[in-house]
Amino acid sequence: MSTFKSLSLSALLFIAFLFTCARGATFNIINNCPFTVWAAAVPGGGKRLDRGQNWIINPGAGTKGARVWARTGCNFDGAGRGKCQTGDCNGLLQCQAFGQPPNTLAEYALNQFNNLDFFDISLVDGFNVAMEFSPTSGGCTRGIKCTANINEQCPNELRAPGGCNNPCTVFKTDQYCCNSGNCGPTDYSRFFKTRCPDAYSYPKDDQTSTFTCPGGTNYKVVFCP
């Protein structure tokens, strides 16, 4: 029994040690667009950013399934209720849920396998503004960008007010949505991939689209880099 207690205590101390060593991150979200955006983050909320303004968020260690995006064409009242043309999150300035397509996404998970952060830019929900997602500390230097003018080049059938839809949003078929978990690239995903090779162009585009940095790295997300 004493041996079991010792092992249990050791396990708890080890878990506590790992938890103590894991550090969250600081994200500097910057608007370089020549127009106002309403930055959104889950977790984090939301903030209006005029050109040149920034917003700092501090997600905790172990945060996963998180994303940052820009909303455009928004109007909010004094209570923070309104609507956005792209990226709207249930009509709230302070987002509590993911945004409506089309919107360019910065996605991340902190302190995961081997205490690595995983991050990506995704066009699986379409595109609304150009984006950079880059580490700013920790000796990690590989940043990623999607800077093509996709809205102007968007195929007619994918066009939306203020953005360019992913085909899943428009056609809602397994070929494009990958509901079965078994799908490959399509002509539409190649359209996105050739213009933004660092970004996810369809749900299974993992091999060339997921990047890592050591846990505790800080990052910047730039709209219109």
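Each Cβ is built from the backbone N, Cα and C atoms, and glycine gets one as well.
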Under Swiss-Prot's annotation, the disulfide partner of Cys84 is which of Cys74, Cys89?
Cys74
Cysteine paired with Cys196, where Swiss-Prot records a disulfide bond, from Cys89, Cys95, Cys140, Cys146:
Cys146
Mind checking which of Cys89, Cys213, Cys224 has the disulfide with Cys140 in Swiss-Prot?
Cys213
Which of the disulfide-bonded residues Cys74, Cys89, Cys95, Cys177, Cys224 has its Cα nearest to the Cα of Cys196 (disulfide bond)?
Cys224
May I ask for the distance between Cys164 (disulfide bond) and Cys146 (disulfide bond), taken between their Cα atoms and rounded to an integer number of Å?
14
